[in-house]
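Presented below is the structure to which this report refers.
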Amino acid sequence: MKTLIILKDLTKVFDNQLILRGINLEIKQNEFVTLLGPSGCGKTTILRILGGFENPSSGEVLFQEKSILNVAAHKRPINTVFQKYALFPHLNVFENVAFGLRLKDFNSKIKANLSLNKTHYQTNKANLSKTFHQELTKDLTQEKTTQITHNFNNQIETLTKDFETKQTALKCKKINKKEQEEQIQKEVLKYLKIMGLQGLEKRTIEQLSGGQQQRVAIARALINKPQVLLLDEPLSNLDLKLKQEMQYELKEIQKNSGITFLFVTHDQEEAFTMSDKVVVMNHGEIQQIGSPEDIYNEPANRFVAQFVGESNLIKGVMKDDFLVHFDNQTFNCVDKGFRKEENVDIVIRPEDIDIVSQGKGLITGIVQSIIFKGVHWEIDVKTAQRTYTIHTTDHVELNKQVDITFNPEDIHVMEIW
């Protein structure tokens, strides 16, 4: 996929506080990218800079290799769906969705071509006239002068006829107000159908549920066919079931429309469910960029491991390639490239730990708590060094002494940042 957007060394300062710290990010065409992080990490600020609602303190924003920092928000090929949707309460569903189209000049391309055709005509005419007058300055016979003048007049006549023919053809392509209204009607109904809102055209915004309002906001943003759609936590006000339904719908819309989506959230489930690429942020810095699978299975540091999914985080020491020491034992692992005796952070996911009979595992402990989570049990096992959180489908008795075990590939070793 071709790179569409490049953010280069972006910084942003608010009230002497550094909000963004040298952000570098590439976003490709038709990609679903999510900025994931806690409140105040700078993700919405990036969205606002890209949308043209804020300027960076330093750095560059390139769109198709050209800077757009001096391009007004309404002139960028980018639309935004805000957290509060920003719908017009005095307009019904149809008019909310049609709003952007009513501001659009449907004949703008034709007008541009008319102007371009006129410019070409004037330039070519001026060049012919210049050549003609240069010829006349030469020492010519009367017959030669007459011939040159005749040729010049024929060329001008042909050029003018071609120009007028093209202008007439272009003007015929212009659409009148009636045709424009018919096109708006067709486009609005098309997007209402895509968003599952057919039949609700005449309803007021107050008569819609939260999910329906969100669909209206997305339809209004999509109808102008932007190259990029920015979404600022649009699912945060929805109930769990509706949120899950909208996650699927948004991904389908993005895939079918070919529009690049940049989504902002603090919810890892939203990020993982929809995204091609996840950008994890904290304190105005990018912590890790990768696919949902990479972010979860190979977190770059302690923050990412803690923020994304539940984790058992442990401090340890690398003894050698494929050998790490923690909890008074040395374990086999699959990591290498660290210095010997280097202090490291270790993450073991709860679902990667198994509870086995005493004497058959790696570490011994006592079952301290059991919580039923619906699809699994969350069990805390207290060992001599720490408490491990484990997710299992097997029920275990409280206060029972057990062993826990895990495989070398379940131990993920990270540098300490």
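Placed from the backbone N, Cα and C atoms, the Cβ positions cover glycine too.
Feature annotations, courtesy of Swiss-Prot:
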type    : residues                                               : note
DOMAIN  : 5-308                                                  : domain 'ABC transporter'
BINDING : GLY37, PRO38, SER39, GLY40, CYS41, GLY42, LYS43, THR44 : ATP binding site
REGION  : 105-177                                                : region 'Insert'
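Per-residue confidence over the region 'Insert' (105-177) averages out at a pLDDT of 88.
Note: GLY40 (ATP binding site) has no non-local neighbours, i.e. no same-chain residues 6+ apart with C-beta under 8 A of its own C-beta. The Cβ neighbour count for CYS41 (ATP binding site), using a 10 Å radius and every protein chain shown, is 23. A simple way to gauge crowding: the CB of LYS43 (ATP binding site) has 26 other CB atoms within 10 angstroms, across all the protein chains here. Under 8 Å, Cβ to Cβ, and six or more positions away along its own chain, SER39 (ATP binding site) finds HIS266. All protein chains considered, the CB of GLY42 (ATP binding site) has 24 other CB atoms within 10 Å. DSSP assigns THR44 (ATP binding site) to a helical segment in the three-state reduction. Helix, strand and coil residue tallies for the region 'Insert' (105-177), in that order: 61 helix, 0 strand, 12 coil [DSSP].
When the neighbouring Cβ atoms lying within 10 Å are counted for each of the binding-site residues (GLY37, PRO38), the highest count belongs to GLY37. For the ATP site, the Cβ centre of GLY37, PRO38, SER39, GLY40, CYS41, GLY42, LYS43, THR44 serves as reference, and the other residues of the chain with Cβ at most 8 Å from it are HIS266, MET281, ASN282.
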